[in-house]
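**Student:** Provided herewith is a single structure, encoded as C-alpha cells, for subsequent inquiry.
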Amino acid sequence: MSLADLIRQIPVLEAAGGSTTSLPVSMISSDSRDVLPGALFIAVRGYSADGHRFIKSAVERGAAAVLCEEIPPVLPDASLPYLRVEDARQALALAARQFYGFASDALHVIGVTGTNGKTTTARLITAMLNACGIRTGYIGTNLCTFGEQQIPLDRTTPEAHILHALFRRMLDSGCSVAVMEVSSHALVLQRVYGITFHAAVFTNLSMEHLDFHKTMQEYAGAKRQLFEQLSPQGFAVINSDDPRAEEMVSKINPEKRFCCTLDQTGRVAGDASRRFSAELIDQSIASATIRLCFPDAQQTISTVLPGQYNVMNLLQAAAVGCGMGLGSPVVAAALDALPGVAGRMERIMDRRRKEFVFVDYAHTPDALFKALSTLNALKSPASRLIVVFGCGGNRDRLKRPEMGRIAVENADLVILTSDNPRDEDPEMIIDEIEKGIRVKNHKRITDRAQAIRTAVALLQPGDVLLVAGKGHEQYQETAGEKSFFSDQETLRNALAEENAGEPEKGAVCKGC
C-alpha cells in the first residue's frame, strides 16, 4: 500500500523531508525494535516512554516514513517523509485500519469491558458462539485465538496495529465474529479508536488501576467510551445490578439494552422483552446448577464455574447469544456443554487427595473477596480456607492493604507472596499488603513456589486452597525479566511431592 493511500483519512499538519506520493509501505509499527525495511514508523507517546526518542533508531532499521507529533529538528535521513499530526495514537489506529483493509468493519466485533469478569465472559461468549456454528475469534488477556490458532499477546488489548492485523487474520480464516476484552487503558490510549462495535458488554466496576486513572469517576468515564463506539444497529449487555450500570448506558436507546440481573430488579430501566435474570439452584465445590430466565423462556444449565459472580458471567454470555439472534434453547445447550475457563476458579485435580485446590486470576479487592466468599460458602464448617496471593509491582498501590484486609477477614490462613513484582522490591510490596492486616493469621513467603508448596503441605483433608492472582499466566516478572512460572504446574508438583509420587496421569476435570 502506498503511503499516500495510507494517510488519506489522517489530517497531516506539516510535512518535511521526501515525497509521499508513491512511496510503498510494507508494515506499520509503533515500536522501533520491530521496524523492518519499508515500515511506517508512528512515534507514540507511551505511558513510560516517548516514541519520538526512537525515530532515529527506526530510520536506521529501515523505516520508509515517519509519522509523529513533533518533527525532529534534525532529520535522521532527509530523503524520507516526516509527517506531523495532532494525535499520533489516533493516526496509528486509522492507519492500521486502512492498512489491513478495514477488516474490523467486516466482522461483528463484540467488546467486553469491566473491572472483573472480562476474560470469563469473553471466553464464554466465544466458546458459545463457536459451539453454535458461528466462527468466532477471541482477543483478550495475553492471548488471541481463532480456529486452531493461539497467538500470545503481551496485554489485554493490543496496540492498534497489532489489533487490526489480528482482525485481518481472523477474517481470512473464516471468522465472522471477533470477541475482545477492552481494557480501560486501551480506551484512553485509543487502541480501539475507529472500531465500531456490534455489541458492548459491561461486567462491573470496582477499585482498580487508580495509579493510571486517579479517580473512580475517571475510571468509569474510560469504560463508558466503549458504549460511545457502539453501532446504531448494535446492542449493549449490562450488569444492571452494578451501581455504575446506568452511567455506562445513559446514552444508549433503551430498546438496545439487554439488562442482566441476579437480584430480580436491577438498577437500570429496561423493557421486559430484553431483561435476563438467573437463579443459582444448587452448587457444590465442584459444580453448580443455574436457572437462566430469558425474556421468552426458562432454561436450566450446569457449570463447573462456582459463585454468584460466575452466574452473572454466564447470564451476560446468554444475553449476547440472544442479541446475536440465537434462540434460548440453543444458547442454553451451548453454555451447558462448555468447560471452565483456564485460570478462573480452575480446580487442580488429584484424586489421591481429599482437599480442594483452585487457581484464580483474582487480583483486585472485589475479585479476591468474591472468590474467597464463594469458597467459604461451599466448604464444610470444619474445614479451613487457605489463600496464597500477592500484589503486582508497578501497579495500583492503593489496593494492597485493602486486599490484605480482605484476605485475613475471609480466610483461615493467608500466605503473602510475590506476584510479578516487576521493578519493585517484593518485600516492600508485602509490607504494604500487611498494612491492612490487623490479625496474625498470615505468613509471608516471598518465593511464590515455596509459598505454594508450604500451603499444600499444610492442607488437611477437606481443606480448601486458593492460589490467587496469576490465573492463566505462565510467567513471573521480576526486575524487568520474565521467567516461566505456572501456579497450576507448581501445585501439581507440590501435590505429587506430598503424595511421595509423580503427578497422577489423566486426573482432569471438566473445568481444567
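Every residue, even glycine, has its Cβ placed from backbone N, Cα and C.
Reproduced below are the annotations present in Swiss-Prot:
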type    : residues                                 : note
BINDING : G114, T115, N116, G117, K118, T119, T120 : ATP binding site
BINDING : R395, D419, N420, P421, R422, G469, E473 : meso-2,6-diaminopimelate binding site
MOD_RES : K223                                     : N6-carboxylysine
MOTIF   : 419-422                                  : motif 'Meso-diaminopimelate recognition motif'
**Student:** About how far apart, in whole Å, are the alpha carbons (Cα) of G469 (meso-2,6-diaminopimelate binding site) and N116 (ATP binding site)?
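**Tutor:** About 12 Å separate the Cα atoms of these two residues.
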**Student:** If you take the centroid of the Cβ atoms of G114, T115, N116, G117, K118, T119, T120, the listed ATP site, which other residues of that chain have their Cβ within 8 Å of it?
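**Tutor:** Sorted by sequence, the hits are V112, T121, E181, T203, N204, N313, A367.
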**Student:** Mind tallying the motif 'Meso-diaminopimelate recognition motif' (419-422) by DSSP state, helix then strand then coil?
**Tutor:** 0 helix, 1 strand, 3 coil
**Student:** In Å, rounded, how far does the Cα of P421 (meso-2,6-diaminopimelate binding site) sit from the Cα of N116 (ATP binding site)?
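**Tutor:** A Cα-Cα distance of 21 Å.
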**Student:** Where D419 (meso-2,6-diaminopimelate binding site) and N116 (ATP binding site) are concerned, what is their Cα separation in Å, rounded?
**Tutor:** 18
**Student:** Quick check for the class: what is the C-alpha distance, in angstrom and rounded, between G117 (ATP binding site) and the residue listed as 'N6-carboxylysine'?
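**Tutor:** The residue listed as 'N6-carboxylysine' has its Cα 14 Å from the Cα of G117 (ATP binding site).
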**Student:** Using a 10 angstroms cut-off on Cβ to Cβ distances, just flag whichever of D419, E473 is the loneliest among these binding-site residues.
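**Tutor:** E473, out of the binding-site residues D419, E473, has the fewest neighbouring Cβ atoms within 10 Å.
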**Student:** Could you work out which of the binding-site residues (G114, G117, P421, G469) has its C-beta surrounded by the smallest number of other C-beta atoms within 10 A?
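**Tutor:** Among the binding-site residues G114, G117, P421, G469, the sparsest Cβ neighbourhood within 10 Å belongs to P421.
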**Student:** Could you check which of the binding-site residues (G114, N116, R395, R422, E473) sits closest to the residue listed as 'N6-carboxylysine', going Cα to Cα?
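**Tutor:** Out of the listed candidates, the nearest Cα belongs to G114.
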**Student:** Between N116 (ATP binding site) and E473 (meso-2,6-diaminopimelate binding site), find the distance joining the two CA atoms and give it rounded to the nearest Å.
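**Tutor:** Given the Cα positions, N116 (ATP binding site) is 16 Å from E473 (meso-2,6-diaminopimelate binding site).
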**Student:** Largest pairwise Cα distance, Å, within the listed meso-2,6-diaminopimelate binders R395, D419, N420, P421, R422, G469, E473?
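**Tutor:** Max Cα-Cα spread across the meso-2,6-diaminopimelate binders: 17 Å.
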**Student:** By a simple count of other Cβ atoms within 10 Å, which of T115, T119, T120, N420, the binding-site residues in the record, is least packed?
**Tutor:** T115
